[in-house]
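Taking it in order: structure first as structure tokens, then the write-up.
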Amino acid sequence: MRLVRDVRVRAPGKINLSLTAGPPREDGYHPLETVFQAVSLYEEVLARPTGGEIAVETRGRGADRVPDDETNLAVRAAHLLRERTGVDGGVHLTITKQVPVAGGMAGGSADAAAALVACDDLWETGLSRAALSELGAELGADVPFALAGMSALGTDRGDVLTPVMSRGTYHWVLAVQDWGLSTPEVFAELDALRGDVAVAETQAIPRREGSAAGDVVAALLSADPLVLARALHNELEEAAIGLRPELADVLAAADRAGALAAVLSGSGPTVAALALDAPHAASVAGVMRGAEAAADVLVVTGPMPGARAVTAVG
Ligand code: ATP
């Protein structure tokens, strides 16, 4: 008889070390080339069996801005798994958030990834990681990376992943806001800045000469934060600053605090500032806190593994 009744899974938030976007395709998506790194800021999902209903409650950072109904990505993940596997189990999900909501760190995707792993375990559906990743991609483009973790190149919608070899540990200072940016609005601003209109998929090639992702991939192999600092690049930065000009002050504050470099994560508003090592990260964070450019300043490291069970309580 199976004794395990609760499953606790944690999944990391991500930052984007590079991000380039082509003009929108006819289906509305912008083809992306991005290098993700999973960092030590985690979402935790506790899954408890129920008689049959699927329910959620959310605690922690920004919980009041997370829906507690069927639109919650963790709830959608549980429904999708149940529908595809034909199990009749129910689950109560308790999400404890550390990743900022609508922060460009894919917190909702991490919740979905954690819920998939937790429910697969709880309901003993035994899906492979590859199968969970395929289900995850239906829920959101960033879910496969939250399952995989570490460092990876993401193409297409960011959901086609190639693992990237990374040496060493990188120390980041995250400037986190208590407000969010909508990813579609940031992409719309990018299109407006560029004067882009939708084009056929075959023409939708990233326009940057060379490859920002290639520079980051080479830098991650070097294990040298100074090399990585030179490679950080996000094409959404200007659009995000266009919508929230105070983000320019956050980037400037990171510079003044002595960070090696700073970059917007995804569509923002989180800014990731790179430090040389742990003491340097603590010093940069201290100065940035004093500058009051962000609601919170956190020190994290990466890369970190993807969604996995942390305890199983009997
Ligand atoms: P991305 O970069 O993938 O767009 P993000 O980190 O900017 O992600 P999320 O925190 O994933 O943004 O949330 C985006 C929106 O999704 C929020 O406005 C929120 O209301 C909604 N949402 C649905 N389910 C969740 C969840 N479990 N956690 C957080 N947000 C959720």
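Here the Cβ of each residue, glycine as well, is placed from N, Cα and C on the backbone.
No curator has checked TrEMBL annotations; they are predicted automatically.
Note that this is a predicted model, so its numbers are computed, not measured.
Summarising the annotation, TrEMBL assigns active site to Lys14 (among others). Sequence-distant neighbours of Lys14 (active site) (same chain, 6+ residues apart, CB-CB distance under 8 A): Phe36, Gln37, Ala38, Val39, Met105, Ala106, Ala110, Asp142, Phe145, Ala146, Ser265, Gly266.
For the domain 'GHMP kinase N-terminal' (72-149), the model's pLDDT averages out at 97. The domain 'GHMP kinase N-terminal' annotation in TrEMBL covers 72-149.
If you look up TrEMBL, you'll see Pro100, Val101, Ala102, Gly103, Gly104, Met105, Ala106, Gly107, Gly108, Ser109, Ala110 marked as ATP binding site.
Look at TrEMBL and you will find Asp142 (among others) tagged as active site. For the recorded site, Asp142 (active site), the DSSP three-state label reads coil. All chains included, 29 other C-beta atoms sit within 10 angstroms of the C-beta of Asp142 (active site).
Per TrEMBL, the feature domain 'GHMP kinase C-terminal' maps to 219-287.
The number of other Cβ atoms within 10 Å of the Cβ belonging to Ala110 (ATP binding site), over all protein chains shown, comes to 36. Looking only at other Cβ atoms within 10 Å, the busiest spot among the binding-site residues Pro100, Gly104, Gly108 turns out to be Gly104. The binding-site residues examined here are Ala102, Ala106; by Cβ neighbour count within 10 Å, the least packed of them is Ala102. Among the recorded positions Gly104, Ala106, Gly108, Ala110, Asp142, the residues whose Cβ lies under 6 Å from any atom of ligand 1 are, in sequence order, Gly104, Ala106, Gly108, Asp142. Across the domain 'GHMP kinase N-terminal' (72-149), DSSP classifies residues as 46 helix, 9 strand, 23 coil. Remark: secondary structure over the domain 'GHMP kinase C-terminal' (219-287) totals 39 helix, 11 strand, 19 coil, with classes taken from DSSP.
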